[in-house]
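> Below is one structure. I have some questions about it.
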């Protein structure tokens, strides 16, 4: 086992604070409308330019192991805030730095660290409740656009695009961000249910100009099996041909004789058919087939429940107003499934989302809800260079998370004002003893830090502006972009309550642990083995 280096008390805390400050100082230059960019060197490819706090935090590793421990613990604050609300990482880092710096001063002055932590925790619990009372619901497009604009570093086009996307696909819809091909940002909305599977044979194409299969009012056959024998399908094909409607087959696979016969029938015009593979794999495929069945009012033909393809009738088939299939995707528009059945299915999937343990599973389940309940919108980010594209895409992602958080828990006045008002409201809060009271004061003083940092980044004097804001009340604050005072809501400067709440909770959680640290242990650097030089022997 490697030898360890151990530091105690003040020595440990000073080192830890130095690491915290290096990371926080790098992150906090990005805060606010006049925050600056940070350039990150990559081991391969061009450097990345970012104004996203968590991207900066993730890049920082310090040489001194004790300092690095401090930095890594604050990195955890940024990551947790990012996971919870998707934004507010810089605010969380600034809050953590302020609580740690003030807290360690109190420890050095002889306060009991455990009581300080209890005081900080008490102040944060009260602050979260106060934030909830200040919170205003965010439901109209204008407020959503404002939240998106602020989170995308005052880029109005991004805010408007996100608000438009939410209008089109609803609050539950899936909105994804992709690389665009031009210089302008675009919004693409897919109505209906789309999945990533294309036609199994190009001979199904009936719109050569677009290279797609478009079928009006088709029947939809859903089968949880491979279809290779055409005899199994004859009864269904005959019934569909009599009804004079096209047929879409969605199955595990359609191959061999069955596929060849379907192609021949289509080319001769006997019955219009198109076949695609079912989306997903394994259990997810079964679930997605069931989703399509619910949407189209059909039944999944599955041997697991004793159904055979030969015995399928028109009643077992789903229907939709239109189905469009191209090389890579299939879109089902206006399925005829009952609204009550679709809502029931959505509720069932939401329950699974609550119980999901992995982020990947949760994301896939949310996609399924969106496909059933709303639709899918794609924001295509335009930029002149790849470096700009990456930076802008990260900002759009942040803005998207912020707007979702705003819709979920409402909004409060932005620009650090909400936390200043909360701190003023809690000024009379007391605890069991003097050390805990100091802990409360540490937390309340730290709540001014985001406002001060925004002002500092704008090149103004933080103390003057902070005093002016504290002298006002309600949503009165300082607009760092235009350098004027006024009502933050009227200025359109809003922060999602969830983002502010998460930033405060995670910052206090990690800062409380660091204040109570008394000893730090790390591996001693390994000294390289001495070079033995060349072995003696006969000369050549």
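Placed from the backbone N, Cα and C atoms, the Cβ positions cover glycine too.
A quick note: this is a predicted structure, and the numbers were derived from the prediction, not measured.
Sharing the record's features from Swiss-Prot:
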type: BINDING; residues: 30-33, 51, 87-91, 415, 479-481, 495; note: ATP binding site
> In sequence order, which residues at least six apart in the same chain have a CB under 8 Å from the CB of residue 415 (ATP binding site)?
32, 451, 454, 477, 478, 479, 480, 488, 493, 495
> Using a Cβ-Cβ cut-off under 8 angstroms and a sequence gap of six or more, which residues of the chain neighbour residue 30 (ATP binding site)?
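In sequence order, the residues whose Cβ lies under 8 Å from that of residue 30 (ATP binding site) (at least 6 apart) are 36, 37, 38, 50, 51, 52, 53, 56, 90.
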> Pick from 32, 88: which of these binding-site residues has the biggest number of other Cβ atoms within 10 Å of its Cβ?
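Selected residue: 88.
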> Would you mind checking how many other C-beta atoms are within 10 angstroms of the C-beta on residue 90 (ATP binding site)?
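So the number of other Cβ atoms within 10 Å of residue 90 (ATP binding site) is 28.
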> Which three-state DSSP class does residue 495 (ATP binding site) fall into?
strand
> Over all shown protein chains, what is the count of other CB atoms within 10 A of the CB belonging to residue 495 (ATP binding site)?
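I count 30 other Cβ atoms within 10 Å of it.
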> At 10 angstroms around each C-beta, which of the binding-site residues 51, 480 has the fewest other C-beta atoms nearby?
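If we count Cβ atoms within 10 Å for the binding-site residues 51, 480, the smallest count is at 51.
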